[in-house]
Amino acid sequence: MLSKYELIKPDIGSSHGNITKVYEIVGGKPLRGQVKVSGSKNAALPVLAASLLCKEPLQLTNLPKILDVTNMIQCMEALGKRFEFINTNTIKIGNREMDTLTIPKEAARQIRASIILLGPLVAQYPKVILPLPGGCSIGKRPIDLHISALNALGVDIVELPDCLVCSRRYARLQGNTINFSIKTVTGTENAMMAAVLAEGTTIINNAAMEPEIVDLANFLNRLGAKINGGGSDRITISGVDKLNSCGSYSIMADRIEAGTYLVAAAMTRGSISVKGVNPDYLVAVLSELKCAGAKITCDSDSIQLDMGEEYGESLNITTKPYPGFPTDLQSLFLSLTCVLRGNSYLCETLFEDRFQIVQELKKMGANISLKDNTAHIKGVSRLRGSQVNATDLRSGAALVCASLAAEGITQIFAIEHIERGYEDLILKLKALGANIKLIENTHVTSTELSDSHFKEATSSETRIQRASLIETIVTPSITTFGQFKRVPTGEVTELEKQQTPYLHHIM
């Protein structure tokens, strides 16, 4: 087997006993130069999942070299896919025969996006058992919307404490109308991937409108799907019998990574050009950067930012589904508002725990108070270096930006969160003039550095991971467990255990 997903596995920052990896950043130097954006994490993961629907070889290019992609590949290899890397960012995907399809539990529990394997799996197999996903600890991200959408297409689902047990009612999924009560990106993606092989027509109302949805629709249509309306709030899908190879497909650029470098340049009073990104996907973000004092100019595939010598006035931001301000950049702009003049307000409407970063920024001298889902920030003249912990992917990136602007030295721990979603972060920042390095074998434990807030965050993540210690199996038999309902483990019948051989291991 020529699969070498370790080629895209980055050096991750983690703690093993007394050995810790950290980012060390000396702040105060403006970022200047050009940076090219990598392929989008949030587009690559659903496109990889969608490749399960095609039994013919195909090739993906512009695949980001990040840990989430590595974990997704590990999951998909266990589901019968064969991966061969042509180069670091290009992968050839094929198939191999499998007697038992079992996802490695370690990979499944590390990645929130494992939930989007459900759509393509139930489209092809009569029964699927999927572990509840892991990922960043940023609050509740209920999967009820995924379940209700698949239920509408003919999937009966029982949610156990550790997994979902899914059974098709019919030999083939049935097209239907899906009405999402709120917008959900991964829920929309799951519904799309399931519906492309369903019998009849599926209409998704209140669909997510993100550019990554458009990218997935484009990929599926290249495979022979019939999807109309991707990028609007109403998507129509006419089911087909099978999908065929498109040859090669290029993953779209990462607009969140682009926003990250723009914020870093703004915070350091720098001047950079971000290449390879469509500025139309960042309209709300660029508007706020202009309000913060940045001069912005755009070409068709690049964005130039010049911050000048002075920070701008305060911001008032509310996160919203696309095309509104993205929640994935909320933490970054929280860092930015710490150094702006005046009082800023940041309201988070999508995730209740996006403010875990506040305690870390306070260590650096930030003046932030929280009330409900809103942060009130009073700008300070300068942040100062400290020892901080990345509690999730985007907060980690935000701490990097804050450290680049701070006076003195900052050490960032738990950098494995950052490496989940950023390709070659250190190399790209160094090319812009940043003083940043990875320090290994530092004999300091995270416990010695963390406060009670971080302990709660890490213990919460541990509980999430512990709850996901179950592998995923696809079995050949059809078993109906009834309509979706939550049931305690003890209510699963002996017959259901026998029909799903793996279930008895988790009872």
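Cβ atoms here come from the backbone N, Cα and C positions, even for glycine.
Fair warning: this is a prediction, and the values are worked out from it, not measured in the lab.
According to Swiss-Prot:
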| type | residues | note |
| --- | --- | --- |
| ACT_SITE | CYS136 | active site, proton donor |
| BINDING | LYS41, ASN42 | phosphoenolpyruvate binding site |
| BINDING | ARG112, ARG141, PRO142, ILE143, ASP144, LEU145, ASP328, LEU350 | UDP-N-acetyl-alpha-D-glucosamine binding site |
| MOD_RES | CYS136 | 2-(S-cysteinyl)pyruvic acid O-phosphothioketal |
Between the Cα atoms of ASP328 (UDP-N-acetyl-alpha-D-glucosamine binding site) and ASN42 (phosphoenolpyruvate binding site), find the distance and write it as a whole number of Å. 11
LYS41, ARG112: which of these binding-site residues has the highest Cβ count within 10 Å of its own Cβ? LYS41
Nonlocal residues around ILE143 (UDP-N-acetyl-alpha-D-glucosamine binding site), in sequence order (Cβ under 8 Å, 6 or more apart): ILE115, LEU132, PRO133, GLU159, LEU164
